[in-house]
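Report on the following structure.
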Amino acid sequence: DVSTRPWPYHCETCPFKCKTKHRLKYHNLSHNPAELLFACTLCDFRCYNKGNLENHMLKHNGKRTFGCTMCDYKCNRNGNLKRHILTHTSKKTITCPECPNKFGNKTRLKSHMMTHSSEKAFSCSECNYQCRLKSALRSHMLKHTDEKPFKCTQCDYKCVSKRFLKMHMFNHTGMKPFACSQCDYRCTSKGTLNYHMVTHTGERKFSCVLCGLKYSTNQTLKKHLIKHSGEKPDACTLCEYRCTSRSDLKVHLRKYTGDKPYMCDIYL
């Protein structure tokens, strides 16, 4: 029975699968561009109905007409708002088998699991960068254009992703929404909280297959593996210096900027 399969509708042209006939119909239009009668006048976007075009145009005019009643979140589509509301109302009962993160549904878990996967399906056309998420590739591509479209309204800070801007804004508001359940520690991101939790559990389940060293997060293990590979992916734009971590590059760049962020409290 087609209705009982998890992904019952299959595209005959490519590997695409979906849950509804309507979604498949919309996808099939991507193979027949001539049927996409509604075109955006500001970019190359095309679609097959007026409603989708109107939703798309909101991205250009900057209007965010749908607002969350539980926080400051705003968006330009009702569907996006509904998905956001679930972050407040859904019980996060599904635990990631690789880390302590919990999710309200299997779709969010599946998306999160890509961060643990070794498969990197998305590649940069300008350099050797590869990643698991399309959103990460979009953010990375901005590094090649020097474009930083997300700007802070309180200072001159600019960045390549909405997530970085959101974390930066906590510096102005003083908010630290992520709280440790074991002590009074609070921070501005879930990743930082997960890293902190290791101070209570002492768990280091990510092991290097080359030397046996263990790490508390997959991210720190990846940074360590770069040292074995001999790669130096972070490069200075002002000289030939290369290094294995962005933090080392940041320290190196202070030679050119003259930035001295650390001050002695005794000898001023």
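First residue shown is number 1, and so on along the chain.
Cβ atoms are placed via backbone N, Cα and C, with glycine included.
Feature annotation from TrEMBL assigns domain 'C2H2-type' to 38-65 (among others). Within the model, the domain 'C2H2-type' (38-65) carries an average pLDDT of 76.
Only residues 6 or more beyond the boundaries of the domain 'C2H2-type' (66-93), in the same chain, are considered here, and those with a CB under 8 A from a CB of the stretch are 55, 58-59, 102-105. Per TrEMBL, domain 'C2H2-type' is recorded for 66-93 (among others).
Remote same-chain residues near the domain 'C2H2-type' (94-121) are listed as 86-87, 130-133, 190, 194, 197, 217-218 (criterion: CB distance under 8 Å, separation of at least six residues from the stretch ends). Positions annotated as domain 'C2H2-type' by TrEMBL: 94-121 (among others).
Note on the domain 'C2H2-type' (122-149): residues 111, 114-115, 158-161 of its chain, located 6 or more positions outside it, place their CB under 8 angstroms from a CB of the stretch. According to TrEMBL, the feature domain 'C2H2-type' maps to 122-149 (among others).
For the domain 'C2H2-type' (150-177), the DSSP counts in helix, strand and coil order read 12 helix, 4 strand, 12 coil. Here TrEMBL flags 150-177 (among others) as domain 'C2H2-type'.
Here the domain 'C2H2-type' (178-205) has Cβ contacts under 8 Å with residues 99-101, 167, 170-171, 214-217, 219 of the same chain, all six or more residues outside its ends. Residues annotated as domain 'C2H2-type' in TrEMBL: 178-205 (among others).
The annotation domain 'C2H2-type' is assigned in TrEMBL to 206-233 (among others). Sequence-distant neighbours of the domain 'C2H2-type' (206-233) (same chain, 6+ residues past either end, Cβ-Cβ under 8 Å): 98-99, 115-116, 191, 194-195, 198, 242-245.
Note on the domain 'C2H2-type' (234-261): residues 223, 226-227 of its chain, located 6 or more positions outside it, place their CB under 8 angstroms from a CB of the stretch. The domain 'C2H2-type' annotation in TrEMBL covers 234-261 (among others).
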